[in-house]
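Asker: Residues or ranges marked as region 'Disordered' in TrEMBL: 64-87. Annotated transmembrane segment per TrEMBL: 107-125, 137-157, 177-198, 204-222, 229-247, 259-277, 298-319, 357-377, 384-407, 413-433, in sequence order.
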Amino acid sequence: MTSYYRRLTVGPTVLNIPVQPPTKSKLPVFPPRRPYNNIIQSSFGITLRSRKCWRVEATVRSAGRSEGGDGAKKVGPGPGQGPGPCSYSVEDRTVEVGSKRDRTVEVAVAVAVTVVLGVGNRVLYKLALVPLKHYPFFLAQLATFGYVLVYFSVMYLRYHAGIVTHEMLSMPKAPYLVIGLLEALAAATGMAAGAILSGASIPILSQTFLVWQILLSTIFLGRRYRVNQLLGCFLVTVGVVITVASGSSSGHSLKEAGIFWSLMMIVSFLLQATDTVRKEVIFLDAEKRLKGGSVDLFVVNSYGSAFQALFICLLLPFLSKLWGIPFSQLPNYLKDGAACFLNMGGTLSSGCDGAPLLPLLFIIVNMGFNIALLHLLKISSAVVSSLASTFSVPISVYIFTLPLPYLGVASSLPAGFVAGAIILVMGLLIYAWSPSDPSSAIPSPSS
């Protein structure tokens, strides 16, 4: 008897299992009865109904981290790794079952947390400057060097808990050095331009940050963005500009400051955008070095902050001059700032009401915001993290119209706040919209 089979090749390995073809078997003739399923009576006896036997094999693959953009690759399991539970492949198509939905929920939660912490970061920074209004440079340095101590302490605890591994710590340190240098230079150029620019001009110029991120991720990461993503980013930028600049003299402020200082601020945001893209490169490189694993957030934050603090120390003479503090008087300035921060009484701490509570709250929330932003960058992309941070701007503008303690009279909403906020939300929705791909449907086998 000749055997035959049919198969659908869905994975790399196919086992050819013969299937006996349906045959007619002559059996003793029974009295007529009501036919059952799969049995057909005939004049020659009982014949089994023929079935076509299909054999489908599926190779399950874990859905990897999306590299963002249209046509982005999925980082799946490396060679030798077992199959994952979240997707299956039909020939050269990968169909995700639950991973895509889970990742979308994870990104949405991370975006919400980042927006909330971003709003708190902006509001608490202004509140922290109420007691330290004469010592903003001290607050900046306290945060910079305090982060090094906190991040390394947390990384030490996570190392002994087994979360941070020796392989993570043995990764090359040159990328972290580049990150520290970029952050220090971004702070220096931003302080220099910020001392001249005023009003709503800085939030307007900060929208170039998103443009730089799109360009840099296209160049260094090979990203390709869909039309709706580019349109969404453009609408977000327009919405923020309308929200912040309406009813203000930002245009006049930019004209008075001159083109040089505006370009200096744009360069600062270019350095910040390069920093975020470089961090994304570190995460992608870690997936290759750690064979599908990922480097811990606190490893990146610890080494990046350490190198940033190092370069800030080298730039202290230049930075102190930007703040109008002669370098020879910097020790006394830091001493007076510490006395005001501790608010221990005396002549030095007069007018420092709210310290140290408000500055400490700002530092804690700012640290949480940086961690949330880096986590969002890790699971999505630099552009998504930038959009989440940008969304906190109009919410912060609205919060400042409420009666907050220590701030006195609340500010009024800009004239175009509602229109700008609507445009911004539309931009976010358009960016997040994913058109359905009809080609991803699984074709049914032909008989």
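Yeah, the Cβs are placed from backbone N, Cα and C, and that goes for glycine too.
Automatic, uncurated: that is what TrEMBL annotation is.
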Asker: Under a criterion of three or more Cβ pairs within a distance under 8 Å and sequence separation of at least 6, are the transmembrane segment (177-198) and the transmembrane segment (298-319) in contact?
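Answerer: Stretch pair touches.
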Asker: So if I exclude everything within five residues of the ends of the transmembrane segment (298-319), which remaining residues of that chain have a CB under 8 angstroms from its CBs? That is, six or more out.
Answerer: 137, 141, 144-145, 147-148, 151-152, 154-155, 158, 164, 168-169, 171, 173, 176-177, 179-181, 183-185, 187-188, 191, 279, 282-283, 327, 330, 370-371, 374
Asker: Cβ pairs under 8 Å with the transmembrane segment (229-247): which stretch of 107-125, 357-377, 413-433 has the most?
Answerer: 413-433
Asker: Out of 137-157, 357-377, 413-433, what stretch is closest in contact terms to the transmembrane segment (107-125), meaning most Cβ pairs under 8 angstroms?
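Answerer: The stretch I would name here is 357-377.
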Asker: What residues elsewhere in the chain lie close to the transmembrane segment (357-377), defined as a C-beta under 8 angstroms and at least 6 residues from its ends?
Answerer: 107, 110-111, 113-114, 117-118, 120-121, 124-125, 127-128, 130-132, 139, 142-143, 146-147, 150, 276, 279-280, 283, 297, 300-301, 341, 384-385, 388-389, 406
